[in-house]
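**Q** Sharing a structure with you now.
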Ligand code: DAT
């Protein structure tokens, strides 16, 4: 499956937990009517979570099983995939990869409000400071399809959604 076989683009919304992936994906999905594929929810729904990792306080993901399930969903294009990781997806799945970013203090407040404390909170803040997801995206996909979007304020939220909508329109003009 390559972009040539799809009439609508597949989009990946990635970034550290708390940067605003779900918020952006939901608004985008309402706006353009593409399904919002929340990978964490799909993993739960299709029983792709293995035993609990006590260090990271979350279950291990059975990636192969999840990818098999998602393959059929991705084939036609027109998906918004939302996940805090990006390197294990096949590169051919995505036409646009958007790495959502937030300032440390903003992220700290959002994750604290979510109930994150201790190592889990610190690890996620470090992940954002070290640009882990941005580097992961840049090393997993062609640089020209990876875009970084700052998402701290309501104003940025709406301009990010609008920017992705416009990107989709341009993709359709260029690829159909
Ligand atoms: P993620 O899906 O990346 O974990 P989220 O969408 O759940 O993040 O957002 C985390 C919290 O931050 C949530 O309470 C909504 C809020 N938020 C997201 N984007 C925002 C923005 N641009 N301005 C203000 N608050 C935002």
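Keep in mind that glycine also has a Cβ here, set from the backbone N, Cα and C atoms.
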**Q** Looking at TrEMBL, 18, 20, 21, 22, 23 are annotated for ATP. Which of 114, 170 sits in that same site?
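**A** Between 114, 170, TrEMBL records just one in the ATP site with 18, 20, 21, 22, 23, namely 114.
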**Q** Write down the single range among 113-123, 124-134, 135-145 that appears in TrEMBL as region 'LID'.
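**A** Matching range for region 'LID': 113-123.
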**Q** Labelled region 'NMPbind' by TrEMBL, one stretch among 38-61, 62-85. Can you tell me which?
**A** 38-61
**Q** Would you mind pulling the longest C-alpha to C-alpha span across 18, 20, 21, 22, 23, 114, which the record has binding ATP, in angstrom?
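**A** Greatest Cα separation within the listed binding residues comes to 14 Å.
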**Q** Using Cβ-Cβ distances, find the residues under 8 Å from residue 21 (ATP binding site) that belong to the same chain and are at least 6 apart in sequence, listing them in sequence order.
**A** 13, 14, 15, 82, 83, 84, 100
**Q** Within the chain of residue 22 (ATP binding site), which residues six or more apart in sequence place their C-beta under 8 angstroms from its C-beta?
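**A** Same-chain residues close to residue 22 (ATP binding site) (Cβ under 8 Å, separated by 6 or more) are 38, 82.
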**Q** Can you break down the region 'LID' (113-123) into helix, strand and coil residue counts using DSSP?
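**A** The composition, in the requested order, is 7 helix, 0 strand, 4 coil.
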